[in-house]
């Protein structure tokens with residue numbers, strides 16, 4: 001049974017502007033080293049980062065909590081061997097997920113030159 005859904009769309013330029021303005025400070029606040037490294041070697045680095053930002057926003061919308069007591073880096077977007085994205089969560093994000101009865105999290109990310117979008121579904125049992 002579905003316990004929550006979340007969706008978010010991000011302008012790629014918003015992320016590239018933040019990286020240009022704040023550099024490592026922004027990257028280190030929002031992304032894990034894995035995420036930065038993964039996106040750094042992509043030809044579409046900013047689209048990749050924007051997709052991960054959208055996924056984090058969609059996740060907290062799915063939980064219904066927003067970022068209250070959750071850090072961006074508590075939500076990590078990883079990719080399996082086929083490139084399919086999935087979430088690795090920790091800290092308060094993990095605790096709140098468990099308290100909500102969510103056992104499985106599904107993630108889809110799409111991006112193009114101007115926008116990135118992410119959709120998250122939380123499922124019980």
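Using N, Cα and C of the backbone, Cβ positions are placed for all residues, glycine too.
Database features (Swiss-Prot):
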type    : residues : note
BINDING : 8, 57    : Mg(2+) binding site
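For residue 8 (Mg(2+) binding site), the same-chain residues lying six or more positions away in sequence with a CB closer than 8 A to its CB are 54, 55, 57, 58, 61, 117, 118. Of all the Cβ atoms in the protein chains shown, 21 others lie within 10 Å of the Cβ of residue 57 (Mg(2+) binding site).
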